[in-house]
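**Student:** If you scroll down you'll find the structure; I have some questions about it.
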Amino acid sequence: MPDRFLSDRLPYWLIGPFLLLFAATMYHRATDFDDAWFAEQAYFFLRDGVVRSEFFRGVNHWEERIYVFHKLYIYLLAGWTGLFGFSAPAVESLGTAGAALNVAGLYAMTRRGVMLGINANRPALFGWTVLLYVSCGLVLRYGFVARPETMNAAFGLWGYYFLSTAQTGNDRPTGRLVMAAIFAGLAALTHLNGLMYGLAGLTWLAWQRRWRTGVVYGFVWAVVCAFYFTDVLLDNQWARLVEQFRYDPATRHLFGWMAKLSTLASFHQMLFHNQVEAAITVLSLFVGWFSWQYDRQSRPLVVYLLAATVWMWLLTRGSSKYYMLLLLPYTCLLAGRAVAVSAVRWPRWGQRLSAAAVVLWLGSGLVEGGLLIGENQAPIVHERTAALARRMGKEGSTVIAPLDFFFDQIGHYRIHSLSYYFLLNQHAYGGKLSVPQFFDLAAREQAAYVITDPKLNMAYDIPNAAPERIGRYRRIFQDDWNSVYRLEK
């Protein structure tokens with residue numbers, strides 16, 4: 001890359017503005033589907049001692065107990081909300097804590113894990129690595145959402161840190177190797193996609209022909225992963241576990257060989273979903289190839305990133321863009337090392353192309369930040385739910401509502417979600433559940449109120465133009481965001 005582009009100070013000049021952009025996207029942040037869904041699981045774990053759901057009462061016995069969920073993440077969220085409460089910002093900020101752990105892992109890697117034997121400018125390496133991470137549009141978007149990917153990636157990154165610093169000359173296991181396996185197991189407990197880190201670690205050790213170390217690593221990793229089944233073992237509910245895994249409404253259509261092949265074939269949709277994922281993919285390809293050719297010491301990291309990508313491709317049941325967060329730290333490490341250490345050995349055309357890829361990366365982050373700020377136009381969620389509740393009364397009654405009615409109202413109403421009826425419509429009615437039929441089902445459930453969802457975030461659609469009276473329900477309130485229907489006697 002051109003020398004002027006390699007200024008050691010440049011990344012530190014840019015990190016601050018991107019952190020300010022991230023803070024700006026937090027203000028008035030529109031809630032995500034998973035914010036309330038995972039918060040509800042944490043809420044019932046704190047209240048009842050088990051993870052269950054009233055949102056989806058009637059789906060796979062979830063109202064009794066859920067056995068297939070992001071276990072360690074929900075337990076961490078329960079502890080987090082136990083300290084900071086169940087407001088939307090408190091729930092979303094666990095994603096920020098995960099992002100901070102990634103930055104800490106990047107610091108550890110740039111201080112020791114990547115640069116062994118190299119007399120390099122470590123501040124420049126750290127600066128470029130962190131700049132690429134905090135400027136990534138995925139971090140700007142999902143660093144303040146209640147999803148497990150940032151925490152999952154943090155455990156995986158710390159696992160690789162200990163793995164990369166556990167090398168010995170005689171293939172003897174060390175304490176660092178055990179720590180690497182433990183963190184890889186914690187990643188799997190956080191989200192089952194985290195299994196990719198343990199498998200990537202085994203692949204990495206096999207590439208280095210460290211067979212004895214690999215056996216120890218695999219054993220410790222498997223023991224930690226086995227804790228996923230603790231609740232199932234205690235309740236002796238193996239059949240229920242299989243049922244919930246097989247018939248999870250979000251992924252039930254992905255079972256079978258043809259469905260799996262279709263998922264594998266659609267993996268590119270995650271890699272090139274929009275400008276953000278395209279920037280990550282393009283930069284990964286550039287720095288991976290040139291690092292392999294011109295920087296032998298980066299080859300272990302290239303192998304690990306490639307192995308993690310392949311295992312994610314084989315394991316994942318979808319191509320959601322936020323899964324790219326699981327690979328992001330390794331791309332940042334490779335690119336940061338390239339800028340600070342190895343790019344001077346690249347051909348001039350490779351330097352220029354990679355510089356263009358970095359500019360594309362930074363530009364895509366700015367665009368994503370701007371889009372996020374533009375999306376955050378909804379009323380503040382707790383103010384909106386409180387205003388709706390004031391028009392309703394009848395605390396303790398059943399309400400069919402959007403998921404985000406959870407915030408500040410979960411202790412006052414039994415909330416059955418419109419998302420349940422969306423799934424019911426898809427799986428039981430073939431997408432043909434009419435609005436009158438829906439309200440008839442609501443009346444049978446004795447739901448005192450029905451609140452419509454303006455975002456249609458996987459929610460049954462009750463249009464604003466629906467009649468004032470539908471069956472036994474009468475509309476008592478309507479604005480640009482919600483309508484409220486009350487059950488009439």
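Yeah, the Cβs are placed from backbone N, Cα and C, and that goes for glycine too.
Sharing the features that TrEMBL gives for it:
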- 12-30: transmembrane segment (TRANSMEM)
- 72-104: transmembrane segment (TRANSMEM)
- 125-144: transmembrane segment (TRANSMEM)
- 178-202: transmembrane segment (TRANSMEM)
- 214-234: transmembrane segment (TRANSMEM)
- 278-294: transmembrane segment (TRANSMEM)
- 301-316: transmembrane segment (TRANSMEM)
- 322-341: transmembrane segment (TRANSMEM)
**Student:** Out of 72-104, 125-144, 301-316, 322-341, which stretch has the largest tally of CB pairs under 8 angstroms to the transmembrane segment (12-30)?
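**Tutor:** The stretch I would name here is 125-144.
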**Student:** Among the recorded stretches 72-104, 125-144, 178-202, 301-316, 322-341, which has the greatest number of Cβ pairs closer than 8 Å to the transmembrane segment (278-294)?
**Tutor:** 322-341
**Student:** What stretch of 178-202, 301-316, 322-341 shows the most Cβ pairs under 8 Å to the transmembrane segment (125-144)?
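**Tutor:** It is 322-341, which has the most Cβ pairs under 8 Å.
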